[in-house]
Amino acid sequence: MTSVRKTMELIKELVSIPSPTGNTYEVINYIESLLKEWKVETVRNHKGGLIATLPGRDTSRHRMLTAHVDTLGAMVKEIKADGRLKIDLIGGFRYNSIEGEYCQIETASGKMYTGTILMHQTSVHVYKDAGKAERNQENMEIRLDEPVHCRKDTEELGIGVGDFVSFDPRVEITSSGFIKSRHLDDKASVALLLRLIHEIQTEDIELPYTTHFLISNNEEIGYGGNSNIPPETVEYLAVDMGAIGDGQATDEYSVSICVKDASGPYHYQLRKHLVQLAEKHHIDYKLDIYPYYGSDASAAIKSGHDIVHGLIGPGIDASHAFERTHKSSLRHTAKLLYYYVQSPMV
């Protein structure tokens with residue numbers, strides 16, 4: 001089985017490459033170069049996602065597995081009179097989850113600037129309502145790490161409306177086996193799929209069905225994996241994080257098998273097949289329901305594709321904020337993926 005340490009190191013590399021939805025070219029290039037090194041056939045779709053294909057014995061029925069490499073982020077909405085930046089969020093999260101975070105601003109010419117996302121009324125020595133003021137677009141801003149005093153100063157740096165903003169991942173691997181970072185959703189799963197591909201190649205595993213691996217790049221806005229699905233595809237498995245919180249079964253130490261999200265139930269027979277594989281191979285798993293969640297698989301169903309769809313992934317604490325998971329969850333997810341791609345279809 002693939003090394004969890006190598007998976008965690010790959011996650012660290014991936015989260016360190018900024019890739020907010022809409023600006024994923026650099027990380028897609030990086031992944032494409034890895035797959036080329038491993039002599040894996042790839043093609044890009046027009047949306048900018050990457051599809052890798054491994055041939056199988058049965059070429060009439062295909063599988064597709066997907067994970068998304070796009071992350072939460074922001075765009076410059078306005079340059080304020082004092083030279084600071086108002087932002088517009090990309091993806092589903094709240095301003096409080098990025099308050100105090102370091103960030104990067106990429107200009108249209110490709111130049112990078114750094115800054116910090118702050119409340120305008122941050123100083124408790126000046127603003128009486130510093131703790132009570134609402135964290136919203138009007139009150140949050142980017143303080144640039146440049147000597148700017150007015151709108152013109154910022155414009156002269158080349159910064160403008162529509163420039164992408166990415167957040168510092170602050171990635172760290174602990175001695176106790178955790179990896180904590182922004183954007184484990186869903187770069188942890190991308191790393192798992194890449195390590196699976198590498199394992200299939202190096203072990204010369206013959207897959208029962210031709211299998212496609214889609215690295216999607218628009219999942220955080222709802223349509224990453226809803227197209228470019230080969231017509232022979234029967235099973236479609238999204239690999240994405242399991243969410244942890246009150247009333248949830250998911251934890252940081254097992255693989256999550258989603259039975260239902262905001263789109264409705266996932267395919268019952270595929271769910272049962274995944275559970276049977278987990279029990280047969282002594283894989284720790286949790287069945288769970290995510291009420292405010294969607295995936296590439298649910299997006300594909302909504303787009304009208306006639307597929308058997310499923311969703312599994314590592315359990316991620318504090319999703320869409322300061323995320324964390326444990327090597328145990330990564331190991332169990334990797335194990336289930338390994339046995340799934342070699343199993344018969346439902």
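Each residue, glycine too, has its Cβ placed from N, Cα and C.
Annotation for Asp185 (divalent metal cation 1 binding site): same-chain Cβ neighbours under 8 Å, separated by at least 6 residues, are Thr71, Asp240, Met241, Ile316, Ser319, His320, Glu323. Annotation source Swiss-Prot lists divalent metal cation 1 binding site at His68, Asp185, Asp240, citing similarity to another entry.
DSSP assigns Glu220 (divalent metal cation 2 binding site) to a helix. Here Glu220 (divalent metal cation 2 binding site) comes close to Thr21, His68, Asp70, Thr71, Leu72, Ile90, Gly91, Gly92: these same-chain residues lie at least six apart in sequence, with C-beta atoms under 8 angstroms from its C-beta. Taken from Swiss-Prot, the feature divalent metal cation 2 binding site applies to Asp185, Glu220, His320, supported by similarity to another entry.
The annotation active site, proton acceptor is assigned in Swiss-Prot to Glu219 on the grounds of similarity to another entry. Neighbours of Glu219 (active site, proton acceptor), defined as other CB atoms within 10 A of its CB across all chains, total 27.
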Cβ-centroid neighbourhood (8 Å) of the divalent metal cation 1 site, His68, Asp185, Asp240 excluded: Ala67, Asp186, Ser189, Glu219, Glu220, Ala238, Val239, Met241, Ser295, Asp296, Gly313
Shell list (divalent metal cation 2; ref centroid = CB of Asp185, Glu220, His320; cutoff 8 A): Thr71, Leu72, Gly91, Gly92, Phe93, His183, Asp186, Met241, Ser319
Candidate with sparsest Cβ neighbourhood (10 Å radius) among His68, His320, the listed binding-site residues: His320
